[in-house]
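Peer 1: For 2-465, the entry in TrEMBL reads domain 'Major facilitator superfamily (MFS) profile'. The transmembrane segment annotation in TrEMBL covers 63-81, 93-115, 121-149, 161-180, 186-207, 279-300, 320-337, 369-390, 410-432.
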């Protein structure tokens, strides 16, 4: 539960930028109408006066895309290093520091509103810094959950647990949407404070793995005896009770496991992790799957605002339906993969169904608003199902692969490689969306459909078994 809440706060702090985009560049048509009727009251008014500089220019989509790209590029690069570092540091300390720093940089973005900062370089710097420190989260929490649960029902457990991604997105949308129209700075400051507080909670209460008590016994103090009424030899320390008849005494004895102390295996190297069968294939598959998921994450509220002509708050609220579908899809993918024992096949089927669903979610294909929202739920489930399965259960399976011969210090590195590669796609997707949306939203949805097919094609290299 604690790791669920911790990573919920990570996604909660990432979501505000997608909600605030429509406020940074507002639709000023209503004010333009007002200015034409009462030009004396609004002298020199232009169609960009109600937007936040520097996002008041005609190339605002490219500027907003650059902010997404800076965050996600830093996140992708940092993720490769984060897993290696995380294997060599205490997870509790590493994760706590990362959460505190993430809270700081999230709040800094919001302070740009408070102190009336209009420098693009400031916002780019904050996004890059935040992207780097947020990489401490995923390898750490997956390693913790992998240490606690075995492989048997890992798909179901991690499917439920991975809903923190969608829960964080939903909460982040609602919190950011509450202040977006009145004071968008608070849309960042409040989530920043929340993740920082959760960082303190992590430091105080996180238990990294199951604890085993190790008893050291002297061989000279062990006395073997045989119970008269059973066929099992027990070993116990010398009996402290006096034996009056000098005979043997049969007492109930709790079985004692003596753990032999051995030196821990060394953490796996980056190249060693790449040689694990399936790591490269699933990493590339996640690249395209995450491209689709993060394009929706960062651009869906703005798309709803422009396509359905809704205000920023309502568009942010409606965009949470995609994440509601993501919760159901992640759990369903986990259950099916556990039943079939074939995680890759589960991903393949969902990706195959996701591609046509993505293009049908485009409002210009004749969907009413209610049908569009229903399609967003279905699309969220089919897109986030494979994404959730690969980043959790598949990563944990590969991090404990039989080729590692019991070395448990590979999970964080494997998780970081898979999610880091996926984050490259997460960086490319929103950037392409910023460029293509200027030519029409049709181009964005065609790009998303193509990415789904590429994920399916690359995943076929795994054999889909």
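The backbone N, Cα and C atoms fix where each Cβ goes, and this holds for glycine too.
The shown structure was predicted, so the numbers you read here are calculated from the model rather than taken from an experiment.
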Peer 1: Counting CB pairs under 8 Å, which listed stretch among 63-81, 320-337, 369-390, 410-432 touches the transmembrane segment (161-180) the most?
Peer 2: 320-337
Peer 1: Grab the same-chain neighbours of the transmembrane segment (320-337) for me: Cβ-Cβ under 8 Å, and only residues 6 or more beyond its ends, written as numbers and ranges.
Peer 2: 154-160, 162-163, 165-167, 169-170, 173-174, 293, 296, 300, 343, 346-347, 350, 373, 376-386, 388-389, 392-393
Peer 1: So which of 63-81, 186-207, 369-390, 410-432 has the most C-beta pairs under 8 Å when paired with the transmembrane segment (93-115)?
Peer 2: 186-207
Peer 1: Hey, which bits of the same chain come close to the transmembrane segment (63-81), Cβ under 8 Å, at least six residues off its ends?
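Peer 2: For the transmembrane segment (63-81), the far contacts come to 17, 21, 24-25, 54-55, 57, 120, 123-124, 127-135, 138-139, 270, 294, 298, 302, 416-417, 419-421, 423-424, 426-427, 430-431, 433-435.
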